[in-house]
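Please read the structure below before turning to the comments.
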Amino acid sequence: FSGLTAMEKKLAEYKCNTNEAIQLKLVRFPEDLEDDNTTFNPEYSHQVFGDDEVAFGYKGLKILLYYIAGNLSTLFRIEYTSKVNEKFDCVEADDVESKIREIIPPGFCTNTDDFVSLLEKEVNFKPFGMLLHTYSVHNEEAGEDITYQIYKADMTCPGFQEYHERLQTFLMWFIETASFIDVDDERWNYFLVFEKYNKDGATLFATVGYMTVYNYYVYPDKTRPRVSQMLILPPFQGEGHGAQLLETVHRYYMSSPTVLDITAEDPSENYVKLRDFVLVKLCQDLLCFSPVKLMQGFSQEMVMEAQQKLKINKQHTRRVYEILRLRATDMGDAEQSRSYRLDVKRRLIGPYKKKQRELAKMRRCLRPEELTNQLNQIDLNMQHEQLEESFQQLVSDYRRVLERLAQA
């Protein structure tokens with residue numbers, strides 16, 4: 001801090017990291033309010049507080065956003081130990097409250113008593129829409145199986161629009177480039193995951209996560225559902241709910257004759273891993289993916305069957321083929337392993353070759369002949385290294401999918 005004025009030092013103490021200041025909770029019982037174990041924090045807050053993820057003007061800032069576990073009624077409060085004073089410090093504190101109000105819908109509680117009285121009505125909350133799938137997960141801590149359900153809802157379900165407004169606020173904290181969707185567009189489908197739990201002998205439902213899917217029109221009479229957002233709330237992450245949700249959504253669309261295939265908008269790395277697992281699980285029993293056929297290479301038959309039966313597009317089918325072929329390949333056998341490596345690299349090299357052709361074109365216009373050859377040579381060496389790196393990375397991703405499959 002040397003060289004800073006006393007004033008600057010003082011002001012530096014009034015900066016708070018908003019990812020730490022924001023405290024989120026999903027509340028089932030009144031005692032959850034005091035229990036630090038039920039608190040979780042955002043991964044991101046830059047969409048609300050700017051790239052630095054800092055709120056200025058407070059010491060000991062806490063931004064409390066507590067949600068009732070089922071219908072997500074919200075308590076919003078701000079607490080701090082001290083705040084800069086415009087009169088004395090000549091600077092203004094950030095207006096934290098109005099920033100949060102921009103993303104949470106009106107009608108929230110501001111004091112704990114109101115919130116707790118809403119909690120008593122939670123027993124009346126029921127999931128929206130149509131039940132698609134029920135499954136259970138063994139919980140070590142509780143020493144029992146917990147039941148989960150997946151529903152498909154839309155904006156015509158009474159109360160769903162208001163609930164969705166509260167639910168989508170979580171996107172801001174957990175998806176880096178999140179944006180709210182236009183709910184007036186009827187082509188959106190919503191898939192919701194709930195946990196069933198008991199409270200004083202009654203069965204209640206808690207929100208676990210959800211997915212939004214947009215139905216694109218494909219000429220002349222088909223649709224192409226595209227996964228837009230998917231979020232499993234942090235207290236439930238790592239328990240397999242994402243895979244259950246994605247598989248359920250696939251099965252829902254598979255039964256529709258008008259659906260062409262299912263895609264995703266700008267998928268994250270984690271989503272791609274999840275999708276690999278789910279699609280391989282769905283495809284592994286198709287005849288076209290038998291070990292004998294896998295060894296004969298990627299075929300049109302695989303493309304057709306995966307699309308017709310499971311609504312999977314060609315690009316994703318190719319990945320499924322590579323993963324299943326890896327499982328069927330003895331990588332300790334030099335011949336088999338070489339054949340697999342060449343097969344995958346042939347696909348990986350496609351974009352490189354295209355780039356190569358474009359570069360060559362450019363250079364013909366710009367450079368004398370001998371230079372071009374040298375540069376191409378350098379490129380090729382780099383290309384081989386990059387290709388090998390991409391291949392190794394893929395194989396390690398594929399192995400993780402196969403490990404998870406073996407445990408499923």
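Cβ from N, Cα, C; glycine included.
Predicted automatically and left uncurated, TrEMBL annotations should be read as such.
The domain 'Histone acetyl transferase HAT1 N-terminal' annotation in TrEMBL covers 14-176.
With a cut-off of 8 Å between CB atoms and residues at least 6 apart in sequence, the same chain places Asp154, Met155, Ile181, Asp182, Thr212, Val213, Tyr214, Asn215 near Trp188 (site 'Interaction with histone H4 N-terminus'), listed in sequence order. Annotated site 'Interaction with histone H4 N-terminus' per TrEMBL: Trp188, in sequence order.
Around Glu265 (active site, proton donor/acceptor), the same-chain residues six or more apart in sequence whose CB sits under 8 Å from its CB are Tyr214, Arg226, Val227, Ser228, listed in sequence order. For Glu265, the entry in TrEMBL reads active site, proton donor/acceptor.
Restricting the average to the domain 'Histone acetyltransferase type B catalytic subunit C-terminal' (275-326) gives a pLDDT of 96. Per TrEMBL, the feature domain 'Histone acetyltransferase type B catalytic subunit C-terminal' maps to 275-326.
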